[in-house]
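**Q** Below is the structure I would like to discuss, written out as structure tokens.
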């Protein structure tokens, strides 16, 4: 029943999906945190930039962004992110697109976490003479991170599912392999079940574990 | 102005802010200059690449309008099908009978855990193998299938959250005056929940409009994004210009929807017609730890 799987690198495709997810998660956590810091900071220009970035990027389909990194950035402007072969160029472009898109949602998740920190805490921190960077880095952000684990987990799950969009620029991940297999093989329902199972395996445990972690670490008020 | 993080600023903080502003401005300007140079070098800023969008109507009538029409058609049909389906699923999840509650929960969690694109690819093959839908219509059917399956389960969660957000006294009072379970749901709970969840539903529309682009990139559904590709091929590689125009259209539609949702939310909060809490886009996951499919965008 599973004979036809021999010719396909099923694990390799899901491994690419995982790689896309992990790299984009790291990148978008960094860029998203910076954006959140800008959006809550005292400098109006940075606040404006952060707000504009989030509002613009959130409203563009990820597919448009990823296709643009390939057709616009790479093929038109020659930005290849230091890679030589087509495969690694597309992979890096997909990661870049996913980071640019996901960080807008990371920023919003963090900002909602920052809003849960009571004003008195920051006032107390300022009263003992901490600067803005210290208030943010030592008092507010650690608590904000702990209370935004669950929204961040939702962003991570959405990101895992969004990596399938990389198929649009030919990155050899799960959705692309699924398309190829469906075109070549007759066992439609079986193939669909395999890929559905793969994604359920990736997303359900993430949600359950991080949901549990989120409940555990959230600051009880 | 002061906030959680900083106080009204004194002279030193103001000076520091000016410094930050200048540094940030220089960095931003450098980035924009680099982008400008890169675009200019490749001839992407020449008027010839852009004029078709401003002079004449060919680009709009041949590519953009039909694409936009297909995007909006797919989105509208998906909503029309997904809303009632989602309502049924959401109410089923609240049923007293385990044999209704558990399957509904399984369906919802399953379809929320799977990427929309995978559902669309499956739909395309399904229509090709088991139905006689014509080749031209298949991508539209597939896009709608994917969007409906995914968004019905997300909307089910919204409906469930909306009903759960109502105070318990509502249904208790309704049962005390002798209404049956069905009546309580139909007459008392649903009308109030619908108001509470309107903003969340409008926000979900943004997700649906954005996801139609998947069909354009991978299923050859002729929507707005794929219009950009054919357009830039026709007009001689004006990739940047075509993508910019299409992105601006997407931003305009979705920004309008987002603003409408938050306006609606403010209004409903103020009006206080319902006793329940108003749901925002971020509330779409009730007890997100337990329901793990997650992710509404």
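Backbone N, Cα and C atoms are what each Cβ position is placed from, and that goes for glycine too.
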**Q** Taking B:49-71, B:187-209 as the choices, which stretch does TrEMBL tie to transmembrane segment?
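**A** My reading of TrEMBL: the transmembrane segment range is B:187-209.
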**Q** Select from B:215-239, B:240-264 the stretch of residues annotated by TrEMBL as transmembrane segment.
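**A** TrEMBL lists transmembrane segment for residues B:240-264.
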**Q** Does the transmembrane segment (B:72-92) reach the transmembrane segment (B:240-264), going by 3 or more CB pairs under 8 Å (6 or more apart in sequence)?
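**A** Between the transmembrane segment (B:240-264) and the transmembrane segment (B:72-92), which are separate recorded stretches, there is no contact, as judged by 3 or more close Cβ pairs.
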